[in-house]
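Visitor: My questions will all concern the structure given below.
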Amino acid sequence: MAPARDTPFRSAEMSMVQLYISNEIGREVVNALGELGLVQFRDLNGDISAFQRAFTQDIRRLDNVERQLRYFHAQMEKAGIPLRKIDLDVNTLAAPTTTEIDELAEKSQSLEQRVSSLNESYETLKKREVELTEWRWVLREAGGFFDRAHGNVDEIRASTDNDDAPLLADVEHNHSAPDVERSFSGMNIGFVAGVIARDRVAAFERILWRTLRGNLYMNQAEIPEPLIDPTNNEPVQKNVFVIFAHGKEILAKIRKISESMGAEVYNVDENSDLRRDQVHEVNARLNDVQNVLRNTQQTLEAELTQISRSVAAWMVLIGKEKAVYNTLNNFSYDRARRTLIAEGWCPTHDLSLIRSTLQDVTNRAGLSVPSIINEIRTNKQPPTYLKTNKFTEAFQTIVNAYGTATYQEVNPAIPVIVTFPFLFAVMFGDFGHACIMLAASLAMIYWEKPLKKVTFELFAMVYYGRYIALVMSVFSIYTGLIYNDVFSKSMTLFDSQWRWKVPENWQHGMSVEAELAEPNGYRYPFGLDWRWHDAENDLLFSNSYKMKMSIILGWAHMTYSLCFSYINARHFKKPIDIWGNFVPGMIFFQSIFGYLVGCIIYKWTVDWKGTGQSPPGLLNMLIYMFLQPGTLDMQLYRGQATVQVILLLLAFTQVPVLLFLKPFYLRWEHNRARAKGYRGIGERSRVSALDDDDGDDNGHAAGGRASEDEGVAMITQDLGDEEHEEFEFGEVMIHQVIHTIEFCLNCVSHTASYLRLWALSLAHQQLSAVLWSMTIGPALATTGIGGAIYIVVTFTMFFVLSCIILIVMEGVSAMLHSLRLAWVESFSKFAEFGGWAFAPFSFQAQIEESEELKEYLG
Amino acid sequence: MANGYSIFVGLVVIVALCLAAWFFSPKGENQVLWRSSLILTFVSCYLMWAITFLAQLHPLIEPRRSDLRKEFLNH
């Protein structure tokens, strides 16, 4: 009997469906299905390369639009305009029509042109501005040189121009010609002025010096403010230089060198009046340029601000649209009938929903040709689709991290929801630490919505597992109460079952033993008696208790897990798995470890002091049971030797059953089928595109038969690659031998593996005790103001270290151990993990996964 | 109050709780989830309690201390 609905107990029932969609509404249908997110389409065009597919053109066009949108985003970042992010939880985007997409494409095209032309003019203007600024600096600085130089022009002149002038003549000369034009040209000295990046100055100087053999006079000054390089918007420190040299050729050389060094050479007039005019002119032009620049920038910013409001939404729309066309590319196109044929997997129980969605789209489009959805039968293994909700999601993720469950086998996450946090709690049992953890997880659940937006990865991980943390902490509170541990201290919730047996001559420091208050009556009702706390032989007791508890819990966990293999065998209708695997396995496990657990419990129930016998060691008992069957070290109960021999025989007779029953049964079954004349189906797959039970759309099926035939051909061809499993006895046998050896050895090693429960809970308890005694413990004995300060300091240390080491680090370690117990010890007993995950075409999943869209989503 | 029979009292309580969980789990596709989780929780917690209780039922060793102060001797 199939369940009426898919439950989380096993993966959803899946159907392979074939869709016939009229070409006109293909896009709309895929859009609607993408919103629904319930169909995983198969690629029907595997042999056609990506470039030859039908909708590649559209995808290219959308790629272009996407590029433009990214360009806007980059420009916005450059201009420092914040992007208005889109929050898909708040505003949903309606599915766009084709014309809307076209409009969007056109709009972004024209916007791109506008933005890029604005950008271009902005850049040219900026360059112009920089040039003018540089020129102004050159004028200013060079002017300074000239003014300083003019003061001693005459000296220079005297020493260079007139070699044969009398030494005293210069004084005279000066006096006689005061109106001589004080000019360099008169001296046949020319100059080059310009601007060069500061880090190149040294090289520039050296090159000039070498090429001109020192025939120059170079003067430079630093420009105090950094200039902006318009090509990459980075500030550059520059120097103004003026080089004086002799002769036109040399000047030309200098000019060339400076150009090749990346310096800008500017025209500076040596006449100070002309220079003043030049400065004025430059200033005026600079002003103009700056004005235009400001305007351009404002326009650009206005434009970008306008775009920033909607670019995120556009990005999402284009992303969806692209996904739609990518999906459409997987469809096969029937040119004769202008029909798209799609194939895919969907949950069987959601077929009606998909059908009505198709109907809706067709009606809205006003098409007379209906879209048809047909279920087809296939021998392909369906994908595993495990529905999750907010609570189970994280648990399911833990399981999926190990593997994808086989289609329809018991969902391993079902037991994990309780066993994983519970085993964690057994290792983490401390009431205090658990309460802090509970508070944290409750806070994460209470502020679920605002915290969802936090992108800090480590926190996002913890947040994702908030419900696991909740269940873990609740169980830890319980186990903390059982262990009677709160920050390593005990709680005296009930009266103790112990009473100190005080000797007559008791003195302080004497060892005191306890005795039962009521030897046959009252026992501590819940958890560990607090008298054990801080007792000298506390560990002696708690180790024995926790070790035995680990074995019992492990046995229970494994037995429980093994039972699922029975449910799986029942579900898949494989009785041989019950008789050949489950039953012998169970008997083997129970007759050894079930017996051990029984003995542990029996030993606890016997009042050994009352009977006067000495209690037998169970470990020795188990060892002797194997080494010397039939003989006993110490007797636990009457007839023990016989029982043990029988159990041992029972266990060992299961080994051949485990080994041979299943392979031989399969061979017998195979041979019987052969004898009756059945043959393997071979490479042909049982596929029929026709809906055999001819449901509601009888008429349409008749209409679309011709194209359906094509569909069938396509499918059979497609599925042909899948090899049919030939029965091979050797392989089955080897598989079973491995399974048997593994199972028997694992029974031992896995049981031992559960001892980690004891080890970790011991470590946690001891660690918290040490932390207490090293921080706040000694501080509590101090008095006075110093003591108060001491307590505050040590308490802070105690609390912080408790949180970091005992909750976070120990918690992570306990979690990993518990995870291992789930993955290895439990899953190996029943789960096959041979499935492949259902990945439906869904916009939501796509947007969540997309790295690129992440920065656009709020 | 609490002696050896408590194990069975606890067992009865747990069975009752499990039955309640089975019958009062909210209907719907998550019913199986509710049932399995609740019952598994009750059983695990019972197991843990029962193990702890049994371990102290007929203790083989007694607590021993030598750092007791006088006022706690009869406490």
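Numbers here mean position along the shown chain, with the first residue as 1.
Glycine is no exception: its Cβ is also placed from the backbone N, Cα and C atoms.
Please treat TrEMBL annotations as automatic predictions, because they have not gone through curation.
Relevant sequence annotations retrieved from TrEMBL are reproduced here:
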COILED    A:101-128  coiled coil
COILED    A:279-306  coiled coil
TRANSMEM  A:422-446  transmembrane segment
TRANSMEM  A:458-483  transmembrane segment
TRANSMEM  A:549-567  transmembrane segment
TRANSMEM  A:579-604  transmembrane segment
TRANSMEM  A:641-661  transmembrane segment
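Explain the structural surroundings of these features, please.
Guide: Same-chain neighbours of the coiled coil (A:101-128): 61-62, 64-65, 68-69, 71-72, 75, 228, 230-231, 289, 292-293, 296-297, 299-300, 303-304, 307, 314, 317-318, 321, counting only residues six or more beyond its ends whose CB sits under 8 Å from a CB of the stretch.
Distant neighbours of the transmembrane segment (A:422-446): 462-463, 466-467, 469-470, 472-483, 485-488, 491, 549-550, 553, 557, 756-757, 760-761, 764-765, 768, 802-803, 806-807, 810-811, 814-815, 817-818, 821-822; these residues of the same chain sit at least 6 beyond its ends, with a Cβ under 8 Å from one of its Cβ atoms.
Sequence-distant contacts of the transmembrane segment (A:458-483) (same chain, at least 6 residues past either end, Cβ-Cβ under 8 Å): 390-391, 393-395, 397-398, 417-418, 420-422, 424-426, 428-435, 437-438, 440-442, 444-445, 448, 451-452, 491, 493, 526-528, 761, 765, 811, 815.
Within the same chain, residues 576, 579-581, 584-585, 587-588, 591-592, 595, 625-626, 629-632, 736-737, 739-740, 743-744 sit at least 6 positions outside the transmembrane segment (A:641-661) and bring their C-beta atoms closer than 8 Å to a C-beta of that stretch.
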Visitor: Average the per-residue pLDDT over the coiled coil (A:101-128) and send me the rounded value.
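Guide: Mean pLDDT for the coiled coil (A:101-128): 87.
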